[in-house]
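In Swiss-Prot this protein carries:
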BINDING   8-15, 21-22, 60, 87-90, 98, 114-115, 183-184  substrate binding site
ACT_SITE  9  active site, tele-phosphohistidine intermediate
ACT_SITE  87  active site, proton donor/acceptor
SITE      182  site 'Transition state stabilizer'
């Protein structure tokens, strides 16, 4: 049996402001730093240790990983960063307040943009300052690989090849792996691992800063999964994520 731990980064500054973030490189909020620290403490208390870690190229995930590894006294382990683990690209919605967007377009439309599998938000133009092609961290990507917007399927289509080519062989080799990523890149991975339907993935929320453990068989098929937190805390934090797209705003 293998175990892999998935962790959504701690609350970011734009999570705090209830804004669509996507590939925008915002940092952790003070609460997010504390969530990351608590994740590290929880993993340490439960006896978890890691041989290597995978994360995105966005600082909210990278910093969460740094803090967790610091708590575990494992800052020396290899860390592999890939744009393929980035958050879903929210196109022209990036930077907009979710509650204000819900007022303008309706809560149902915002829920579809945020949660559906195959609907893309309005796209960026290539001359928009937010276009990732202007960012040096994506200099090695082809124009076709750089998104102007993404739905969840698009996100899955970049996450899963990285899982299959790089992360899965690492797990199969016997290494203990930690993946620190984002709400939608992790939703995509969970959909793949658990073979979830469109409706099931639309209702799935992954809370910030709570380790999610997957126990996998030798073929990396899930045996079971669980959060390292009590059910009430998980429920409360999932509801926070769900309520971000509502007209009431932050809740």
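From the backbone N, Cα and C atoms, a Cβ is placed for every residue, glycine too.
Distance between Cα atoms for residue 8 (substrate binding site) and the residue listed as 'active site, proton donor/acceptor': 10 Å, as a whole number. Closest to residue 182 (site 'Transition state stabilizer') in space, going by CA atoms and restricting to the recorded positions 11, 14, 87, 88, 98, is 87.
Within 10 Å of the C-beta of residue 8 (substrate binding site) there are 30 other C-beta atoms, taking all protein chains into account. Here residue 9 (active site, tele-phosphohistidine intermediate) is positioned 19 angstrom away from residue 98 (substrate binding site), judged by their C-alpha atoms. Most Cβ neighbours within 10 Å, among the recorded positions 9, 88, 98, 182: 9 holds that distinction in the structure as shown. Residue 14 (substrate binding site) sits 13 Å from residue 87 (active site, proton donor/acceptor), taking the CA atoms of both as reference points. Reduced to three states, the DSSP call for the residue listed as 'active site, tele-phosphohistidine intermediate' is coil. With respect to the residue listed as 'active site, tele-phosphohistidine intermediate', the closest of these recorded positions in Cα terms is 183, chosen from 22, 87, 88, 183. Residue 87 (active site, proton donor/acceptor) is surrounded by 26 other CB atoms, counting those within 10 A of its CB over all protein chains shown. Among the listed binding-site residues, namely 22, 183, the Cβ with the most fellow Cβ atoms inside 10 Å is that of 22.
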